[in-house]
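Visitor: Would you mind keeping the following structure in view while I ask a few things?
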Amino acid sequence: MEKGVPVEPGPDLELKSWRCLVFYLCFYGFMAQLRPGESFITPYLLGPEKNFTREQVTNEITPVLSYSYLAVLVPVFLLTDYLRYKPVLVLQGLSYVSVWLLLLLGRSVLHMQLMELFFSVTMAARIAYSSYIFSLVRPARYQRMAGYSRAATLLGVFTSSVLGQLLVTVGGLPFSTLNYISLVLLAFSLVLALFLKRPKRSLFFNRGGPVRRGASPSELDRMNPDAEPGAWRDWTLVRMLRELGDNLRSPQLRLWSLWWVFNSAAYYLIVYYVHILWNVVHPTTDTTAVYNGGADAASTLLGAITSFSAGFVKIRWALWAKLVIAGVTAVQAVLVFLMYSTNSIWLCYVAFVLFRGAYQFLVPIATFQIASSLSKELCALVFGVNTFLATVLKTVITLVVSDKRGLGLPVHSQVSPSRPRCLEVSGQCISHSGPLRSLPSSNPERVLGASDCLKVPVPCEVAERSHV
């Protein structure tokens, strides 16, 4: 054998390496979701151990999450790609540890506002995990890897909620002990993040080196095949924005992007404040009678089922998309009104579970419909822009309605006008979006199939902030 000739790994060695990588990534994704105290943070803050008032939590502490998330979303997204994922995952672990240290040791409103700042970093960094898993495996294994990682994440969220509920209801543990357990589990997940493999390539900033076996040229390469290495940074974003402007002529892209912006803003506002609403409806001092963890577990399970079942819906979306969106949006508005108007905590729980299930049903459908006529890079840009616009809208509503510097409304008054109004605006925009028609593509390689959408690093919807 000649010296200096690299030896290709055999299929057995490659398969073993693939299995080890899958196991470690899924185990890390599972452990990173184990925060059994998260569902009970609001009653913990309002309880005798912290003794914050409901007005402080609603109008001073919680609004900081929306503001700080808007501030860190774009920088963290860019750093994720530039630093090649792993450093941002470590930053996420450090931020989680900081959140629970502030929860346990903090005493003032300022401490809790800092806690919200660190929590916003963890939320912005979630894109790192969903992008990271695709950077280490061959394109032929993208779909399987996406399925494994999503299953691990869902199982982690479900296990965390069930574990927290059992420890509170059956074990009778106080909320502070639950938070200490969460801190230990998060510290362990941080150690796991330190041993993650750092990839050599990323989607935008680190594209040097040969293309891996089985990979196809990206849209960035096809835009200017004669460009020198590294020169694309000077003009690619402008070219992509022009390409995006051309694609925005598609009514299908406008329709689902409008749904994504308005419905996501309303959805996350409900998720942020629903635990405060539950405390208003059922202000008990008996910790064993608080079933927030059970409600979160049930909503996660239903969301997983509806998200999975959406992949089997076979209809002509060009004809029925508006009707489906209008119907699901109307159901969401009714469920929000039920949460606002009822005095039964159990009806509140059921309405929230169904509300999350309805949203999760349309997320994969919207993902495919948006991605079906875009390249991978443009698709990532569209999802990034839609998420940013939803965050801006959510922040504006928070500033006007929730913040004490705005109207400073209590949670019941916030839920009644603003959330259904946002859903109503979404329906109005959809009704004026024009007739749907497919967007022709001059390049067949740019059209993604259903499985190809799994290659796009979109935000994970199963791990959102659920305690306020």
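Glycine residues also receive a Cβ, built from the backbone N, Cα and C atoms like all the rest.
Annotated transmembrane segment per TrEMBL: 21-41, 61-80, 87-105, 117-137, 149-171, 177-196, 258-278, 319-338, 344-366, 378-401, in sequence order.
Explain the structural surroundings of these features, please.
Guide: Outside the transmembrane segment (21-41) by six or more residues, the chain places 92-93, 96, 100, 103, 129, 132-133, 136-137, 145, 148-149, 151-153, 155-157, 159-161, 163-165, 167-168, 175, 178-179, 181-182, 185-186, 188-189, 192-193, 195-197, 275, 287, 290, 292-293, 295-296, 463, 466-468 with a CB less than 8 A from a CB of the stretch.
Here the transmembrane segment (87-105) has Cβ contacts under 8 Å with residues 32, 35, 37, 41, 44, 76, 79-80, 111-112, 114-115, 118-119, 121-122, 125-126, 128-129, 132, 176, 179-180, 182-183, 186-187, 189-190, 193-194, 196 of the same chain, all six or more residues outside its ends.
Remote same-chain residues near the transmembrane segment (149-171) are listed as 25-27, 29-40, 129-130, 133, 177-178, 181, 287-288, 290-294, 296-297, 300-301, 304, 460, 462-463 (criterion: CB distance under 8 Å, separation of at least six residues from the stretch ends).
Sequence-distant contacts of the transmembrane segment (344-366) (same chain, six or more residues past either end, CB-CB distance under 8 Å): 256, 259-260, 263, 267, 270-271, 274, 277-278, 281-282, 291, 294-295, 298-300, 302-307, 309-311, 313, 317, 324-325, 328, 331-332, 335-336, 338, 461.
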Visitor: Three or more CB pairs closer than 8 Å, sequence separation of 6 or more: does that hold for the transmembrane segment (61-80) against the transmembrane segment (177-196)?
Guide: no
